[in-house]
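Let me begin by presenting the structure, written as structure tokens, before commenting on it.
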Amino acid sequence: MILVKDANINGKKQDLLVEGNIIKKIGNISISEVSKDETEIIDGKNCVLIPGLVNTHTHVPMSLFRGVADDIPLMEWLSGHIWPMESKLNEKIVYAGTLLGTIEMIKSGTTAFNDMYFFLDSIIKAVDETGIRSTIAYGMIDLFDEEKREKELKTAKESLEMIKNLNNSRITGALGPHAPYTCSKEILDSTNALAREYNVPIHIHMNETLDEINQVVEKTGIRPFEYLNSFGFFDNVNTICAHCVHLSDSEIQIMKEKNIFVAHNPVSNLKLASGVSPVLKLLENNISVTLGTDGCGSNNNMNLFEEIKAAALIHKGVNLNPVAVTAKEAFEFGTKNGAKALNINSGEIKEGKLADFVLINMKKPYLTPKENIESHLVYSFNGVVDTVVIDGKIVLNDGKMVNIDEEKVYELAEEAYLELAN
């Protein structure tokens, strides 16, 4: 058990008790009510306790790609830099990159993430060791080639079986077709069928740039969401669509009808000059917006608090509307909405929810005065957290990783980068 004493919880000084991996009780809890020998007691004095953040779109091993290709557009970034480096990937490199990325996420308050990448056994190994929660998809790209399509689907299905057989509630599977401009109708059809067979979500890039939209229009005569909807890609599945920057009214209507979850990546979209997602329109149509960092190659960090702030600010400016996205809405994008998208029973601090939460020391200049903490968490916090609990276990204590030797990870990451870069 874990007992947090005297923390600011939901705006009040309270205690919180964890039994197993569940928040059992919130309120005034005496130490005499629990067994001292079986309970870890956390002093929450001067701390605010918040739900863990949920990163709904990333490529965690790309922590090793941080800073390799800045200040260029997406297609040049992909074809000229990222894809050539990814051709050198191996299990050791992906393992090192995932360790580095998950440490970065945990130390900035993220307790769960939704990933699309390669060498899933290495990702799973690192996730298991760090203690973070994850939904993982093998990234499928067939480039309209039948032989490659069969290989990609085989690997995706094997990955789902591998994750299923882990029987680990922290690690769940998904299907990750890259995007409509890199995936054939056949692989997308098969993706929907597999998602229904395995009862897993689909994670796909959609409408990130004008160039990719034009590619789909030239090939099919209609826009990406219209194209996928024409053959039932969104039917009877939970779909998380990353980016969604350039959307027509008809596409927004499809998204609304099909209950699409949007993984909004404001920082990556700005850095690659892709554009700004019409989030206000999405909200007006009751479309659920969540937040992702994307990979470190296009961000260049995995601090979801930066995405929360960017989401709260950018739409005010673009729409000349100070309440386009409020601080409360932006915070829920990164917590409650993300948890719902990944079907995780978290995102709020309530009895019966999973014990995925974060403690932040408020004795910092940028978090003072403490009376305005809800505002500070969105507009002034830098993301450095003190304690992180995931699935009822302490994984970060006083800013230090509990399960992992950080110095060793940094050495592994430097070695892996040299192998990638040469």
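Glycine too: its Cβ is placed from the backbone N, Cα and C atoms.
Keep in mind that what you see is a predicted model, and the values were worked out from it rather than measured.
The Zn(2+) binding site feature in Swiss-Prot is assigned to H57, H59, H205, D294; the stated evidence is sequence analysis. Packing around D294 (Zn(2+) binding site) is summarised by its Cβ count: 27 other Cβ atoms lie within 10 angstroms of its Cβ, all protein chains included.
In the three-state DSSP reading, E86 (substrate binding site) counts as helix. Here Swiss-Prot flags E86, H178, E208, D294 as substrate binding site.
A separation of roughly 12 Å, to the nearest angstrom, links the Cα atoms of E208 (substrate binding site) and D294 (Zn(2+) binding site). Between the C-alpha atoms of H205 (Zn(2+) binding site) and H178 (substrate binding site), the distance comes to 6 Å.
Listed in chain order, the extra residues whose Cβ falls within 8 Å of the Cβ center of the Zn(2+) site residues H57, H59, H205, D294 are T58, M116, A242, H243, A263, N265, S268, G292, G295.
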